[in-house]
Amino acid sequence: MAETAAGLCRFKANYAVERKIEPFYKGGKAQLDQTGHYLFCVCGTKVNILDVASGALLRSLEQEDQEDITSFDLSPDDEVLVTASRALLLAQWAWREGTVTRLWKAIHTAPVASMAFDATSTLLATGGCDGAVRVWDIVQHYGTHHFRGSPGVVHLVAFHPDPTRLLLFSSAVDTSIRVWSLQDRSCLAVLTAHYSAVTSLSFSEGGHTMLSSGRDKICIVWDLQSYQTTRTVPVFESVEASVLLPEQPAPALGVKSSGLHFLTAGDQGILRVWEAASGQCVYTQPQMPGLRQELTHCTLARAADLLLTVTADHNLLLYEAHSLQLQKQFAGYSEEVLDVRFLGPSDSHIVVASNSPCLKVFELQTLACQILHGHTDIVLALDVFRKGWLFASCAKDQSIRIWKMNKAGQVACVAQGSGHTHSVGTICCSRLKESFLVTGSQDCTVKLWPLPEALLAKSTAADSGPVLLQAQTTRRCHDKDINSLAVSPNDKLLATGSQDRTAKLWALPQCQLLGVFTGHRRGLWNVQFSPTDQVLATASADGTIKLWALQDFSCLKTFEGHDASVLKVAFVSRGSQLLSSGSDGLLKLWTIKSNECVRTLDAHEDKVWGLHCSQLDDHAITGGSDSRIILWKDVTEAEQAEEQAKREEQVIKQQELDNLLHEKRYLRALGLAISLDRPHTVLTVIQAIRRDPEACEKLEATVLRLRRDQKEALLRFCVTWNTNSRHCHEAQAVLGVLLRHEAPEELLAYDGVRGSLEALLPYTERHFQRLSRTLQAATFLDFLWHNMKLSPCPAAAPPAL
């Protein structure tokens, strides 16, 4: 039966990349435009621009020097973006078009650490690691001011919101805030009240008050008339950013009066709202479950009423400013992707485990992201139940969790369990129905966890919290770490793969040992049951994949081809093929019957830890240490259909070409023969044209009416013809037409013309020398002919007398 099913299925021949989820933010500054439609963030050498509504990457801006971006800022009118690189160059961008309008040297002696525009969008201030502050007029294109006096890195600069006051504020590593007068070109005041680095400066709407925050766990309110402190508010956390809120009531945030209120973000990982007058905290954001994530950045887009925060693991969160309701989540950088799975009954989502305690769920169509909190240490593995609504995760925190996605795509934790004494490195769900799951740990044990009926009927919106799971069976299975588990399609068998170089087969639910698979030279990374045959596949660090018979535990086949460890293996094409991923970043497609590698796919740059195939077997998803998540599509049928269409088109064109040659319509025949890539037919057409008494004129007219790509192909054909003395005359005739009628600049613009000319020269010289010798010989024969004279016949002797 399995053989019949495998015979009816079509073998896959190729996969193509359909979509990539790549890092777009690796730390540093992130900024919203005033409308809240676009998000700007730094990623290495680029500034990426995202559409906030869809999450799509619209454009990447990269300077010509291809050095890391150290700072950037968007003007208040949203028209100009300026970036600074490690090469000490400033670039002014028309960011909507993606073009650089001006590039100039920063004049700083060290990289630019901070920059800010004034309210008029005409002045730009840059703070350097050399302790200097410079001001630039980006309209007139010149430097206006150069302020010195700050010790060390100037990591913070800000203009006063009132452009008529011409004041610039800066802060360096000495924890003080300097006030610079652009009018007097001097330092007006040095504000010293912080005892650690100042992290942010924000101004009231009238510009009479400034709020500063620091890592000394205080926020200070300053009077900008007297440059004195009016209030020092202890906030009991290291503050990375603070924002002055609009002076209007916001009941959802505990703001009941129109006095001065501000919001802080820091190492506690939550947003808090403070009343400046009393120094009291009036609102505290609810703490997310799981490990606390430090907030590293916070900024307010007043016109859009949006608040942007950034977490330490590079997640960007957008809130509604007046209520702090979460609107959008973006995963800027997933670091090392450890596992990835399709999610949902129609595989509409994927769930990703990266080098983080948080899980990320992406909707594939829109790439909308949902970040799941719960684990307190790095999540190591995932698995999904058959229907696609429930999935399980395990982590280094020695716990497991079960998550449920509702029909709206929202995911919540519905169950959790603990009992292992070391990190839980692998997890596997039951296959027939949602009845149990199995976990394997570094404590060398396997646990079987039955799912209670209450869990399956439980709504994710319930307030009673996650159901607690209890292990039914615990068994010590190996002597070293258990790296992989697999449950058979009938839920009766369990396979385990370990670092001890063996795989074992167990009977469920009591975990009774049935047999051991031995033969690999190094540890096993993955085990998988065939969906149709009684076969087990194992992937090992020795670079091989082995197929084993479940009846007698013998090795049936060994697949060799990976140059490094094989990390994952999956059955595709109804069990007739294998798809594997390795630590060299390669994916390989194998046909089991022939034992051959059909295709090698190269799109990752590092280890591919995650590999999962969709329920319809037409897509695959991979995730690797390069932080890339790639969606692959089976393009076998599409390529075969395309190849069939090409063959049919070739037959039609060939018939048309034969008809044209029969009718002696050489111009169309020449163009068609070139498009069919038939050098011999093209040669035949040119020979037929040259047999005509008016060959030169007809050949010129025919060649000159060809398209440029056809002329390029004809020139390549000439290179081949020119190597043969029998066909060199046609090649030279075509070359002569091109040289006489095409300008040198046009010829040099041809694709591959330099290589063609280099190949033509030696044979052309050889043909020229041969013809010269022939001409010389012919001339010599002619000379001999004209100089040959016959001796006169002797006269008859007179008769004798």
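Using the three backbone atoms N, Cα and C, a Cβ is placed for every residue, glycine included.
Summarising the annotation, Swiss-Prot assigns SUMO2 cross-link to Lys407. Residues or ranges marked as N-acetylalanine in Swiss-Prot: Ala2. The phosphoserine annotation in Swiss-Prot covers Ser257. Per Swiss-Prot, the feature repeat 'WD 2' maps to 107-146. Residues or ranges marked as repeat 'WD 3' in Swiss-Prot: 149-190. For 193-232, the entry in Swiss-Prot reads repeat 'WD 4'. Summarising the annotation, Swiss-Prot assigns repeat 'WD 5' to 245-284. Taken from Swiss-Prot, the feature repeat 'WD 6' applies to 290-329. Per Swiss-Prot, the feature repeat 'WD 7' maps to 332-372. Among the features that Swiss-Prot reports, repeat 'WD 8' is placed at 374-413. As annotated by Swiss-Prot, repeat 'WD 9' applies to 419-459. The repeat 'WD 10' feature in Swiss-Prot is assigned to 477-516. The repeat 'WD 11' annotation in Swiss-Prot covers 519-560. If you look up Swiss-Prot, you'll see 562-602 marked as repeat 'WD 12'. For 604-642, the entry in Swiss-Prot reads repeat 'WD 13'.
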Q) Where does Ser257 (phosphoserine) sit by DSSP, helix, strand or coil? A) coil
Q. Which of 107-146, 419-459, 519-560, 562-602 has the most Cβ pairs closer than 8 Å to the repeat 'WD 8' (374-413)?
A. 419-459
Q | Helix, strand and coil totals (DSSP H, G, I; E, B; other) for the repeat 'WD 11' (519-560) | A | 0 helix, 24 strand, 18 coil
**Q.** Distant-in-sequence neighbours of the repeat 'WD 4' (193-232), which means Cβ under 8 A and at least six residues beyond its ends
**A.** 155-156, 158, 160-162, 165, 167, 169, 171, 173, 175-177, 179, 238-244, 246-247, 260, 262, 264, 274, 276-277, 279, 298
Q.
Please compute the mean pLDDT of the model over the repeat 'WD 2' (107-146).
A. 95
Q | Lys407 (SUMO2 cross-link) and Ser257 (phosphoserine), distance between Cα atoms, whole Å | A | 41
(Q) A 10 Å Cβ contact count, applied to the recorded positions Ser257, Lys407: which residue has the minimum? (A) Lys407
